[in-house]
Amino acid sequence: MPLNEEEQQQRLLAERSVDLYEEDEEERAYDCTEKVHIIGLDEENEADEYSTKAPPFSWRKLWLFTGPGFLMSIAFLDPGNLEGDLQSGAIAGDSLLWLLLWATVIGLLVQLLSARLGVATGRHLAELCREEYPNWARLLLWVMAELALIGADIQEVIGSAIAIKILSHGVLPLWAGVIITALDCFIFLFLENYGVRKLEALFAVLIAIMALSFAWLFGETKPSGVELLIGVVVPKLSSKTIKQAVGVVGCIIMPHNVFLHSALVQSREVDNRKIGRVREALKYYSIESGAALAISFIINLFVTTVFAKAFYGTEQANNIGLGNAGQYLQEKYGGGLFPILYIWAIGLLAAGQSSTITGTYAGQFIMGGFLNLRLKKWMRALITRSCAIIPTLIVALVFDTSEDSLDVLNEWLNVLQSIQIPFALIPLLCLVAKEEVMGIFKIGTVLQIISWLVAALVIVINGYLLVDFFSSEGSGVIFTSVVFVFTAAYVCFIVYLIARGITFSKWLGKTNRLTTTGN
């Protein structure tokens, strides 16, 4: 009896997966012993082997799949995002809350594509990039990913150091806070030895601390519920708030997070040779990622509305940053039951600590995937942490006494990460649309169009940020020449990545048609 198309795809997927499992020499995100066992696998029978339907929904299974999405959501709550939130609220009020909502939806779409890639292939984005591109392009993509990670990590570590400085009454300077934060990689390594679920429990606690801290601030400042609702529902944008709008969207897509999520989803025991099991995993990951980003949206909304209520239309609005935000709140609202300055610092510390640990995690996957390094995890964590801590320590020593200079540095770091966004998004979109890579789980034409439109929107918005930033930084002949050369090389590499994806897809389509005709 001839097999239908889905069954043929299932058999091909099974054969290809067996080959992959036999390649013992390649780096993997998680060893088999580290993965979380999903109930029901032991009860499978032979009829389930080629089943294309997902098993019935189970709350218990949803609980077992819950975790990777919450680790991914930390990137939406890091100190860089919190600074973007407070500046958006102070300068634009509640008028950009609608944009925060839709930016989170865009972020969810990108992260679900990343999860889809990881589950369907059993490999993460960095590993697939290593196979997809020639050595020069692969190494360039790796350098870009590492630069984006270092830029994000500096912001996160500095955010933690600021919180430690506040909580210590200024006794511990920024550089001391940086060293203390650097030690979190040892906590990470310690917990990871006891299993993935222990590490995920730590992040759940940190997210809960953030939620409680910023909800407390929300309760203390008592923003208007009507204005909040109008801000979320009614789109508003003016020439005075365009820079904050660009910042809101730019902070949502974090290059290292796209790589991270495709690896995190492999922490569960999913047999990607079975279409039904892959569909089941994608269903549960979609639910938990949506829930995680819904919580992150609420926390970001708390921060934005608190500073909108406190400082919108005031003289301090243009001068607020992470370093002085808590002090400004303290001066305006006083101590209360518990000093508001320390509530802010506790929330900031939880954001900084959680994001630095996920940064270490992402660095391991990026380095291991692109370079296929078979190093022990503690060694990779140490290398990843050192790459970020050393420049961060230098930054802390140089900018410890100057908050204005620290804000300028933060702008440069935002630009650094904005530059890297296409080098995570474009490979992701090219790979999830390839049948050779994804099998029947490749995204359809409609979703491809939507995804590329979203990617184009994000790239254009960040392009505006770059043009605005560099035009304000200088106009000399040497500066302009350097920027021009850099921009030309940058655009050429983006065009190359897009053209390679299109060319490969056309070639694959012709090959498939020839094969079908031959049969």
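Indices start at 1 and increase along the chain as displayed.
Even glycines carry a Cβ here, placed using N, Cα and C.
Whatever TrEMBL says is automated annotation, not expert-curated.
Pulled from TrEMBL:
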type	residues	note
TRANSMEM	62-77	transmembrane segment
TRANSMEM	97-119	transmembrane segment
TRANSMEM	139-164	transmembrane segment
TRANSMEM	170-189	transmembrane segment
TRANSMEM	201-219	transmembrane segment
TRANSMEM	291-312	transmembrane segment
TRANSMEM	333-351	transmembrane segment
TRANSMEM	382-400	transmembrane segment
TRANSMEM	412-433	transmembrane segment
TRANSMEM	445-465	transmembrane segment
TRANSMEM	477-499	transmembrane segment
Contact between the transmembrane segment (62-77) and the transmembrane segment (382-400) (at least 3 Cβ pairs under 8 Å, separation 6+): no
Ranked first among 139-164, 170-189, 291-312, 382-400, 445-465 for CB pairs under 8 angstroms with the transmembrane segment (201-219): 291-312
Cβ pairs under 8 Å between the transmembrane segment (445-465) and the transmembrane segment (291-312), at least three: no
Close approaches to the transmembrane segment (412-433) from elsewhere in its chain (Cβ under 8 angstroms; 6 or more beyond its ends): 80, 110, 113-114, 116-117, 125, 128-129, 132-133, 141, 144-145, 147-148, 151-152, 154-155, 247, 250-251, 253-256, 258-259, 262, 442-443, 448, 451-452, 455, 458-459, 462, 465-466, 469, 490, 493-494, 497-498, 500-501, 504-505
Range from 170-189, 291-312, 333-351, 382-400, 477-499 with the greatest count of C-beta pairs under 8 A to the transmembrane segment (139-164): 170-189
Two-stretch contact, the transmembrane segment (291-312) and the transmembrane segment (477-499), at least three Cβ pairs under 8 Å: no
Chain residues outside the transmembrane segment (382-400) and at least six past its termini with a C-beta under 8 angstroms from it: 146, 149-150, 153-154, 157-158, 161, 173-175, 177-179, 182, 185, 359-360, 363-364, 367, 375, 406, 409
Residues of the parent chain within Cβ reach of the transmembrane segment (97-119), under 8 Å, 6 or more residues beyond its termini: 68-69, 72, 76, 85, 88, 125, 128, 228, 231-237, 245, 248-249, 251-253, 257-259, 261-266, 270, 272, 278, 281-282, 285-286, 289-290, 293, 296-297, 300-301, 304-305, 425, 428-429, 431-432, 437-438, 441, 443, 450-451, 454, 457-458
